[in-house]
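Quick one: the structure is below, questions incoming.
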Amino acid sequence: MKRAPRTHNYCEKLSHSSCVLLGLCQLSIMAAFLAVALAVVASPLLAFDMGQSTRCVTIPNQLKVCKDVGYSEMRLPNFLGHSNLEGEVVPRSEDWRPLLQTGCHPQAQSLFCSIIAPVCLDTFIQPCHSLCVAVRDSCAPVLACQGHPWPEALNCDRFSAEEDMCLTPLAKFSHLIKDLPKPACQNCPSVEVAPAMKTVLSAFCHHDFAVTAKLHHLRHPAGEPDFQVEGRVEFIHQGPLLPYDTKHLLQEWLLINLRCAIALVRPGRSQLYVLTGSVQPDGDIILVHLFPWHKKDAGIALATRKWKHHRC
């Protein structure tokens with residue numbers, strides 16, 4: 001008698017395992033990092049004295065979140081009141097790196113750097129209200145996915161609606177945001193171990209795309225979770241995905257949905273997966289069924305071979 005396939009959500013199945021206990025610890029560390037970042041940014045921008053004496057300094061290499069931001073000198077104190085590069089600006093800027101790595105908005109870096117490392121010009125340049133709104137609408141759901149609200153100090157009503165002396169959103173980025181598939185916060189997809197060939201073929205038929213990708217869980221000394229997609233992403237059923245963008249898209253999905261990603265791969269390990277999913281009308285990518293692919297999994301191997309000639 002054949003065993004029924006084991007279908008489960010990893011977050012539930014492994015809730016009492018050491019793997020998820022470790023994952024919960026990692027999420028706690030991530031939450032602590034973001035909490036620090038939000039607390040720092042929560043310092044009211046309106047308390048910054050525009051009339052105080054400032055100085056221009058070169059943006060240091062250690063300020064990685066503002067690397068290639070488009071200018072080389074910044075003002076100190078910044079809009080958060082930080083006057084010490086090594087003791088305040090650089091450490092606090094690192095708290096924002098996990099959010100920026102999710103790619104939640106193409107101009108998120110411009111918004112955060114305009115506050116953390118404002119450009120050194122004859123006058124103070126803050127972000128425009130419209131730029132703040134564009135970034136907030138894309139990035140606030142990512143913060144919410146990880147249990148944090150949009151910081152009050154980045155309340156967009158604090159920034160000028162007059163767009164003559166502030167940083168504005170670029171039209172080309174607004175166009176890209178609307179048209180390209182993008183990862184989104186979601187409930188964790190179901191994961192089925194050792195599925196039958198018919199199960200895999202059914203998933204291929206009922207979803208917009210199917211790919212194979214090797215997911216790697218990096219092991220960092222500080223303990224914060226970080227993920228990469230190793231090697232090439234292979235298309236089984238391409239659907240609306242773009243060949244040049246899919247690897248990056250999947251990596252952003254892992255960073256946005258950390259609670260799901262942590263249950264998929266143990267720290268320091270890699271795992272090959274078949275991932276199937278759908279693209280929503282608004283362009284959001286939703287992963288629906290994941291199949292870990294081990295050498296012994298004949299059902300997956302047969303399904304991928306038969307797919308080209310399969311009729312749904």
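Including glycine, each Cβ sits where the backbone N, Cα and C put it.
Unlike curated entries, TrEMBL annotations are predicted automatically.
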In TrEMBL's disulfide listing, Cys132 is paired with one of Cys104, Cys156, Cys166. Which one?
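Checking TrEMBL, the candidate bonded to Cys132 through a disulfide is Cys156.
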Give me the count of other Cβ atoms within 10 A of the Cβ belonging to Cys156 (disulfide bond).
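Summing over all protein chains shown, Cys156 (disulfide bond) has 19 other Cβ atoms within 10 Å.
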Please give me the CB contact count at 10 A for Cys132 (disulfide bond), counting all chains in the structure.
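Here the count is 25.
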Averaged across the domain 'FZ' (51-169), what pLDDT does the model get? Just tell me the whole number, please.
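A mean pLDDT of 89 is what the predicted model shows over the domain 'FZ' (51-169).
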